[in-house]
Amino acid sequence: MKIALIAHDGKKAEMVTFMRDHINSFHRDEVELVATGTTGNHVENAGLKVTKMLSGPLGGDAQIAAMVAEKKVNAVFFFRDPLDKHPHEPDILMLMRICDVHNVPLATNPATAKLIFDTMLGGI
Ligand SMILES: O=C(CO)COP(=O)(O)O
């Protein structure tokens, strides 16, 4: 099961908390992680193995969208900051659209991510 992790700067602390709260589940062999660049650095610092793509504003969101379109990702945890502006807003919208096009679970906050994660892990 491959999960993509992305967090805007204002949400990176919440992402790290989410990872730490579920660290044993994320360490399972069945779980593979991919992340945008800076989010990936935080995930690594939390003690997890992760494949890092480019930083979001440099194309990382687009790279993950391509993986979603190619059915290489099972779920996307994208903790967006709704209170901030982002220069790469088109890429953000594109990633969310591609998740909907391909019916891939997309969590934009930790509460939804927990529901998806628990459900997916319950199935393996
Ligand atoms: O900008 C992002 C998502 O839109 C996240 O990118 P970083 O993980 O590189 O900060």
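Using the three backbone atoms N, Cα and C, a Cβ is placed for every residue, glycine included.
Annotated in TrEMBL:
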DOMAIN    1-124  domain 'MGS-like'
BINDING   His8, Lys12, Thr36, Gly37, Thr38, Thr39, Ser55, Gly56, His88  substrate binding site
ACT_SITE  Asp61  active site, proton donor/acceptor
Select one residue from Thr36, Thr38, Ser55: among these binding-site residues, choose the one with the most other Cβ atoms within 10 Å of its Cβ.
Thr36
Restricting to the binding-site residues His8, Thr38, His88, which ones have a CA within 10 Å of the CA of the residue listed as 'active site, proton donor/acceptor'?
His88
Applying a 10 Å Cβ distance cut-off over all chains shown, what neighbour count does Asp61 (active site, proton donor/acceptor) have?
29
If you draw a 10 Å sphere on the Cβ of His88 (substrate binding site), how many other Cβ atoms land inside?
17
Largest pairwise Cα distance, Å, within the listed substrate binders His8, Lys12, Thr36, Gly37, Thr38, Thr39, Ser55, Gly56, His88?
17
In sequence order, which residues at least six apart in the same chain have a CB under 8 Å from the CB of His8 (substrate binding site)?
Gly56, Phe79, Arg80, Asp81, Asp84, His86
Within the domain 'MGS-like' (1-124), residues counted as helix, strand or coil by DSSP:
65 helix, 19 strand, 40 coil
